[in-house]
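Feature annotations, reproduced from TrEMBL:
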DOMAIN    17-192  domain 'Ribosomal RNA methyltransferase FtsJ'
BINDING   G48, W50, D66, D82, D110  S-adenosyl-L-methionine binding site
ACT_SITE  K150  active site, proton acceptor
Amino acid sequence: MNRKDKYYIKAKKDNLRSRAAFKLMEIQEKFNVISENSNVLEIGASPGGWTQVIRTITGRPVISVDINRMKPIDGVIFIQGDIKNPDIINIIQKTMEGEGIEKIDVILSDAMVKTSGIGERDHYESYLLGTAVMEMALKLLSPHGNVVIKQFQGDETGNFINKWKQYYSFNKITKPRASRSESREIYIVFKDRI
Ligand SMILES: C[S@@+](CC[C@H](N)C(=O)[O-])C[C@H]1O[C@@H](n2cnc3c(N)ncnc32)[C@H](O)[C@@H]1O
């Protein structure tokens, strides 16, 4: 598929920072993970397409994290940091305190390193990032909270879901239409933290 496909063109037209925005729109439509008063923590946010979508749903301030920089968005507190760094949780918690955010209701991760095209390598990198996010969710997420994780499907996907599903009442793999069909990219939705 041409990289300038219909989602790319629509993103430009709608002033969205990335075509990825349509993936979150579809996930939200199907699974209703964010509510109008959700406190959302977003991981792997740059350039900010998902962030723009999140801001249209919740009226609460959004905390967005990325290892790279991101141009500011109104109502968004941006933290430049590595989700695999064990100190990042302290920085997030300090930011929450500073903003008067007591709990996180939704964690959304579209984090991924630049893909290599080597299936197993990309799978494993996404598995490591997803594991860091799920560990963080255990500490930060409020009861009944939701998590969405990007993953490149592979050998560990089944184990990943089996490991984390015990903490949530609902889990489901989804592949949004805007996700390129030739890619192994999927999203794993965990809802209702027990
Ligand atoms: C697919 S892009 C996200 C696109 C974004 N959701 C949007 O809609 O514009 C993946 C992002 O994950 C970030 N990332 C990769 N490794 C990371 C890490 N260890 N910690 C935080 N962010 C990371 C990358 O810098 C990149 O910006």
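Just so you know, glycine gets a Cβ as well, placed from its N, Cα and C.
Projection of TrEMBL feature records onto the structure.
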residue: G48; record: S-adenosyl-L-methionine binding site; contacts (Cβ under 8 Å, 6+ apart): R17, S18, S64, M70, K71, I73, V76
residue: W50; record: S-adenosyl-L-methionine binding site; contacts (Cβ under 8 Å, 6+ apart): S18, A20, A21, K23, L24, E42, L108, D110
residue: D66; record: S-adenosyl-L-methionine binding site; contacts (Cβ under 8 Å, 6+ apart): I43, G44, A45, S46, F78, Q80, G81, A111
residue: D82; record: S-adenosyl-L-methionine binding site; contacts (Cβ under 8 Å, 6+ apart): I67, I88
residue: K150; record: active site, proton acceptor; contacts (Cβ under 8 Å, 6+ apart): G44, S109, D110, A111, M112, S126, L129, G130, E185, I186, Y187
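A simple way to gauge crowding: the CB of D110 (S-adenosyl-L-methionine binding site) has 23 other CB atoms within 10 angstroms, across all the protein chains here. DSSP classifies W50 (S-adenosyl-L-methionine binding site) as helix under the three-state reduction.
For the domain 'Ribosomal RNA methyltransferase FtsJ' (17-192), the predicted model reports an average pLDDT of 97. The residue listed as 'active site, proton acceptor' falls within a strand when secondary structure is assigned with DSSP.
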